[in-house]
Amino acid sequence: MLERFLETVDWDKEMKKYITLAGHYSVQGIVVEILGLVEISLIGHLMGISSANAYIIVGITTGFTGTITTGFYECTGILIPQANGAKNYVLIGRYMQLAMVLYCIVALPAAIFWCFYTEKAIIWYGFDAKTAAIGYKYFLVTLPNFFTYGIDAVLYELLNTVGRHKYATTFTLVSSIAHTSIIAGMLFYGVKDLWVLGLFEMLSETICLIINFAIMVYNGWLDEYWEGLIKTNGLKDLRAVKNVFNTAIPLSFAWLLTYGEWEVMTFFARAMGNGGAEVAAWGLMGYLWSAFETLTNGFGDAAEVRVGFRMGSGQVRLAKLCADKAMYVSFTVAVYATGILFILAMWIPSWLTPDPTLQKMLFDIIPLIGFGQILMVWGMVAWAVLGAQGRIRIATALEFFISWGIGAPVAAIMTFVFNYNLEGIVGAMTISYTIGTNVYLYMLHTSDWEALSAIVVASNVAEGETFDEFDWSELPENIRDAAIVLGYNKS
């Protein structure tokens, strides 16, 4: 046991690769989330509460249908590392093609739906007609983002999973800071209409997508993938289609469950009052929780990539070692992130909103967010590793029973039986996350890694395996023997 622990915490090559990738993922995510909080704060302080509420509630309402499409770009974060481990670059291109096309197809019905029902949804949540009108105009000008977001996300998944994470982080930092700076400038110089900011957001995202794609083409980063991405019809590759659907649908369902649970909690918050204050506070809490969650989300994404790569290349021992390292590092970082949250708890509410009622609600639930986040992050990393093993359907089924069999019922009891406020809802989610973490860890502990790796290899392997990017110590024994016969050695 001690030997295994020492190997887990050892600062070896695998740990360095994992930490580097996790750091880039985390920086990308946390910068976007923090700048998003800055934008919400500026809108609330400089545009007014109605505009801030409209901004928040549009994200909540349209976000629910957005979860249906999420799996179709997130699946590439699992499938590309597996295909990369198997050195099947044509398959990587086909995964990208299928993900982009299917994402746009699935996003279309939701875009049409919200063109007719956004205002009604905002009013249903307890806001007035003025807020609904502001939100509807904002939604209409940002409508193209329903489609550009998924395409951009697939490109970022490729960059992060095939060794271009440094560029991805740099581009994210530059584009996000420039975007928020311009938003801040527009607000300080007197822009009072939310739809004007929405128009800029739409143009900004579209322009950044075009620039990012042009840079990738110019540098030749897509050269290995053109055949699968453009030159062939991915729908004719039944293996690729099967892998995408078998991964994307459970992922979308998992996001639907998670966001659906969040929407149910929003309904519970609505039942606490008729003025919309609880709903607005719940929405702000979601942004806050997401920001601190993103700090550690990168460790789950990195584990998904590194474990998926090792599983796809048949390196079972290294896949298990990377999973252990991911669990150790993510728990440690989650504890420190919670400490930072507690230190800033006195100031965060006033930063986010000028409304004293909302400030009080946020301050009361921050401690529960901190305690819930520690085990939640551990569970999220374990869930990501299960996906890298190719067991995304099992992981999703477990999430369904935990979220809807435990989290939602406990929250309902807290709200309607014991008449708790938002603290009761957050407490229920904390209980749910704690149980889920223990279940996912048990699933990892009892995994048959060898059998699972064989399945991943079989579903992604290309004709003629190559080992040109492997360290000598990572090569299978028969490959090392053959290399020695050919005159190669460790040096």
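For all residues, glycine too, the Cβ spot is worked out from N, Cα and C.
Note that TrEMBL annotation is computational and uncurated.
Here the structure is a predicted model, which means the values were calculated and not measured.
Counting same-chain residues at least six beyond the ends of the transmembrane segment (25-47), those with a Cβ under 8 angstroms from any Cβ of the stretch are 55-56, 156, 160, 165, 168-169, 172-173, 176-177, 179-180, 183-184, 187-188, 192, 194, 197, 284, 287-288, 290-291, 294-299, 301-302, 351-355. Residues or ranges marked as transmembrane segment by TrEMBL: 25-47 (among others).
TrEMBL lists 54-73 (among others) with the feature transmembrane segment.
The feature transmembrane segment is assigned by TrEMBL to 93-117 (among others). Sequence-distant contacts of the transmembrane segment (93-117) (same chain, six or more residues past either end, CB-CB distance under 8 Å): 61-62, 65-66, 68-69, 72-73, 75-76, 79-80, 83, 139-140, 143, 146-147, 150-151, 154, 158, 224-230, 232, 234-235, 237, 240-241, 243-244, 248.
As annotated by TrEMBL, transmembrane segment applies to 138-159 (among others). Only residues 6 or more beyond the boundaries of the transmembrane segment (138-159), in the same chain, are considered here, and those with a CB under 8 A from a CB of the stretch are 28, 54-55, 58, 62, 66, 69, 72-74, 76-77, 80, 92, 96, 99-100, 103-104, 107, 110-111, 114-115, 118, 165, 167-168, 172, 194-195, 197-199, 201-202, 205-206, 208-209, 212-213, 216, 221, 225.
Outside the transmembrane segment (171-191), and at least 6 residues removed from its termini, the chain residues within Cβ reach (under 8 Å) are 27-28, 31-32, 35, 38-39, 42-43, 46-47, 156, 197, 200-201, 204, 208, 212, 215. Positions annotated as transmembrane segment by TrEMBL: 171-191 (among others).
Non-local neighbours of the transmembrane segment (203-221) in the same chain are 144-145, 148-149, 151-152, 155, 159, 164, 167, 171, 175, 179, 182; each lies 6+ residues outside the stretch with a CB under 8 Å from one of its CB atoms. Annotation comment: TrEMBL describes 203-221 (among others) as transmembrane segment.
Taken from TrEMBL, the feature transmembrane segment covers 326-348 (among others). Counting only same-chain residues 6+ beyond the ends of the transmembrane segment (326-348), those with a CB under 8 A from a CB of the stretch are 8-9, 18-19, 22, 288, 292, 295-296, 299-300, 302-303, 306-307, 362-363, 366-367, 369-371, 373-374, 377-378, 381-382, 385, 441, 444.
Residues or ranges marked as transmembrane segment in TrEMBL: 368-386 (among others). Note on the transmembrane segment (368-386): residues 285, 288-289, 292-293, 296-297, 299-301, 303-304, 307, 323, 326-327, 330-331, 333-335, 337-338, 341-342, 392, 394-395, 399, 423, 426-427, 429-430, 433-434, 436-437, 440-441, 443-444 of its chain, located 6 or more positions outside it, place their CB under 8 angstroms from a CB of the stretch.
Annotation source TrEMBL lists transmembrane segment at 398-418 (among others).
What TrEMBL records for 424-443 (among others) is transmembrane segment.
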